[in-house]
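For reference, TrEMBL has these:
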| type | residues | note |
| --- | --- | --- |
| DOMAIN | 33-237 | domain 'Neurotransmitter-gated ion-channel ligand-binding' |
| DOMAIN | 245-455 | domain 'Neurotransmitter-gated ion-channel transmembrane' |
| REGION | 365-386 | region 'Disordered' |
| SIGNAL | 1-26 | signal peptide |
| TRANSMEM | 240-263 | transmembrane segment |
| TRANSMEM | 270-291 | transmembrane segment |
| TRANSMEM | 303-322 | transmembrane segment |
| TRANSMEM | 440-460 | transmembrane segment |
Amino acid sequence: MEPGPLPLLCLCLCLAAVILAPGCRGAQGRFAYKLLHDLFANYSSALRPVEDTDRALNVTLQVTLSQIIDMDERNQVLTSYLWVRQAWLDAHLTWDKDDYDGIDSIRIPSSYVWRPDIILYNNADEHFGGSMETNVVLRSDGHIMWDSPAITKSSCKVDVSYFPFDGQRCRLTFGSWTYNGNQIDLRNRLDSGDLTDFVENVEWEVLGMPATRNVITYGCCSEPYPDVTYTLLLRRRASFYIFNLLLPCIMVSFLAPLGFYLPADSGEKVSLGVTVLLALTVFQLLVAESMPPSESVPLIGKYYIATMTMITASTALTIFIMNIHHCGPGARPVPPWARRLILHHMARLCCVYEVGESCKSPQRALGGQAGRGDAGGPWESPGEGEVGTDARGCPWDHCLCHHDALLRNVGYIAGCFRRHRANQRRTSEWKKVAKVMDRFFMWVFFLMVFLMSVLVLGNAA
């Protein structure tokens, strides 16, 4: 069966397209080469591309934040990866696309065309690398769009007053270095920076990037200089610092009041306070190494200093209380005001009931019975002496002399015993005073640590 005329026509058209396609593509390339030659035959990239030199050239700027590489708080430098898009109209680079086989746009190296000298005003890079030399997109109506990635280091005033719960405002100010507002009218394309392609940072959370246009007249020149400032709003992710700096400090600081609970005879009360103080000093040095040397002390640094001051005071009080505890027999009696305030009121408040208080009454009864027995002995001995006198014929006066010597000896022994009892009672009273003061200051310092922790978290919130 022979094919009809319509399928044969379609087959011929397909063969013609296959044969002529390479030639068409070659023609397109030749027109592009001719266009490039014609455009830049009498073109100079050194002059501002305007037909009327008295008019300002409109340049629009758009910044896309891709990544926050580093925030150096100590040197106050923000390192970020940006995509900078600049667009302007070049009056000398226009063509009729019908004359060049419908070519509407070409991509050429950016060094071929005039470019505005837009730089980052607050640049902190010592090498001044700037943007990459990427191609520009040139359209037939003269509009040029230049997209260039750049790794920028900008100066940022870092406020660490609430570290690690702080937020920062870093400004990126772009403007022309030599062209004033009468020559280049710089404007922001959008009201904020583009964050659609932002790569999340593990330390900082980006809250926004608003853009504002400013026109400033500097002291060196009378002409206005416009600039576009992008304010990067950052908030620190505090989880790392909470678990590595704040929580260990809180737990260590709660150990300091427990030094008052240790027995005075253990010999570890002062050692515990000094060990806690050294641990907090290490944490303080870790924070100080990463913070800028400024007058504003970070919040966690204030907490460390307050805790170290509290531990220093607790160690000094511990030494003072241990001195009271180890008062010897030669110590003076407890003053009446201290006995009334400490041994009665504060002891009840702190629930301190000293062992030995229940043993005082039996000792007194035992002492009274012993005194009475000792005193009754000499008076009973004359009766016995009388019997002995009758038996041995001892004279009464001679027995009285022996009884006087015995009474003096017994009185001396009773006096020594009473002085010993008084010294023991005085020593036990001073030990109880020390124990009551230990318990009282333990609860006071526990309360202080708790209040300081609450204040730190409250200021952070």
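The backbone N, Cα and C atoms fix where each Cβ goes, glycine too.
Among residues of the same chain six or more beyond the transmembrane segment (440-460), those with a C-beta under 8 A of the stretch's C-beta atoms are 162, 165, 238, 246, 250, 253-254, 256-258, 260-261, 299-300, 303, 306-307, 310, 314, 317, 321, 346, 349-350. Panel annotation: around the transmembrane segment (270-291), residues 73-74, 160, 163, 245, 248-249, 252-253, 255-256, 258-259, 262, 298, 300-301, 304-305, 307-308, 311-312, 314-315, 318-319, 322 of the same chain, lying at least six beyond its termini, place a Cβ under 8 Å from a Cβ of the stretch. Among residues of the same chain six or more beyond the transmembrane segment (303-322), those with a C-beta under 8 A of the stretch's C-beta atoms are 246, 249, 253, 256-257, 259-260, 264, 269-270, 273-274, 276-277, 280-281, 283-284, 287, 297, 434, 437-438, 441, 445, 448-449, 452-453, 456. Confidence across the domain 'Neurotransmitter-gated ion-channel ligand-binding' (33-237), taken as the mean pLDDT and rounded to a whole number, stands at 90.
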